[in-house]
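The structure appears right after this line, and notes come after that.
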Amino acid sequence: MPVVDQNAIELPPRISEASVADYFALLKPRVMSLVIFTALVGLMIAPGHVHPVLGFTAILCIAVGAGASGALNMALEGDIDVLMSRTANRPIPRGRITRGEAMGFGLTLSFFSVMTLGALVNWYAGGLLAFTIFFYVVIYTMGLKRRTAQNIVIGGAAGALPPVVAWAAATGSLSVEPLLLFLIIFFWTPPHFWALALFRSDDYARAGVPMLPVVAGPDATRLQILLYTIVLVAIAAAPWPLGYFDWVYGVTSLVLGAGMLVLAINVYRHRTGSTALRATRRLFAFSILYLFALFAVLLLDVLAKAVAPLIW
């Protein structure tokens with residue numbers, strides 16, 4: 001017969017200390033903003049007319065799906081986030097949200113974003129969004145990040161898929177153009193994140209994450225940054241001579257590519273001291289501008305062509 005301690009204190013149920021801002025932080029809003037922008041470009045360059053309501057629904061679902069991926073990523077990485085200065089102030093390491101709450105939040109958003117996109121737009125896009133979430137959470141976060149220095153290279157496919165999903169939402173199919181956007185983002189990802197990893201290598205080493213600078217060393221990472229940047233510049237410029245994007249995009253890609261290449265060469269050349277740190281930080285910052293400007297030109301070109309008949 002069980003013995004009941006009459007003097008035991010009954011603890012009240014746990015009350016979550018999380019605020020709306022904490023749940024919003026789980027969505028990784030900076031990453032989400034880039035996803036929204038690249039997806040918008042994928043939607044806008046698609047042929048034909050997309051009803052504004054369906055277009056808005058598609059972008060919203062892609063954004064929510066990206067946020068859901070971020071929440072699930074944080075739920076799965078709470079143990080390493082607490083060890084890294086860059087992530088130690090996130091809601092889970094600070095104890096404001098539990099990993100279980102973040103997991104439930106992410107799974108709920110994942111379900112509704114995929115189902116809404118499929119039901120209201122088309123299931124081709126819905127399926128691609130589901131695959132994107134699965135790839136980021138299961139393949140990258142659970143499978144690759146803690147096991148291989150190529151985590152960013154392979155996992156970068158998830159971050160490159162939003163414009164493909166948006167194109168599929170607009171057309172119900174795939175074509176060369178969204179695949180070109182995919183390749184640009186895919187080859188942009190390693191130089192961008194390896195530049196970050198170079199000046200955050202102590203963080204990754206402390207958390208046991210096998211980023212390339214930790215596993216292969218900074219010099220090998222600098223070489224890989226340079227090689228991937230060369231490939232990126234070539235792939236980003238290719239759509240112009242191939243006839244997919246016009247000369248405005250082509251010239252912009254060459255100018256921006258020259259900037260990326262110069263900064264990548266500087267990272268490769270400067271290997272010690274404050275000069276090396278400054279070179280990696282400059283490349284990291286410019287890489288964000290590079291991708292934004294490249295996609296902005298495509299978006300502005302579409303808008304200009306839409307407005308021109310109204311003016312002339």
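Each residue, glycine too, has its Cβ placed from N, Cα and C.
Feature annotations, reproduced from Swiss-Prot:
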- 34-54: transmembrane segment (TRANSMEM)
- 56-76: transmembrane segment (TRANSMEM)
- 119-139: transmembrane segment (TRANSMEM)
- 152-172: transmembrane segment (TRANSMEM)
- 179-199: transmembrane segment (TRANSMEM)
- 225-245: transmembrane segment (TRANSMEM)
- 247-267: transmembrane segment (TRANSMEM)
- 283-303: transmembrane segment (TRANSMEM)
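Among 34-54, 152-172, 179-199, 283-303, 179-199 has the largest number of CB pairs under 8 A with the transmembrane segment (225-245). Long-range Cβ contacts of the transmembrane segment (34-54) within its own chain (Cβ-Cβ under 8 Å, at least 6 residues beyond either end) map to 62-63, 66, 120-121, 159, 162-167, 169-171, 177-178, 181, 185, 291-292, 295, 298-299, 302-303. When Cβ-Cβ distances below 8 Å are used as the criterion, the transmembrane segment (119-139) is approached by residues 54, 57-58, 61-62, 65, 68-69, 72-73, 76, 106, 110, 113, 154-155, 157-159, 161-162, 164-166, 168-169, 172-173 of the same chain, each at least six residues removed from its ends. Within the same chain, residues 31, 35, 38-43, 45-48, 50, 54-55, 58-59, 62, 66, 69, 117, 121-122, 124-125, 128-129, 131-132, 135-136, 139-141, 144-145, 178-179, 181-186, 189-190, 193-194, 197, 211-212 sit at least 6 positions outside the transmembrane segment (152-172) and bring their C-beta atoms closer than 8 Å to a C-beta of that stretch.
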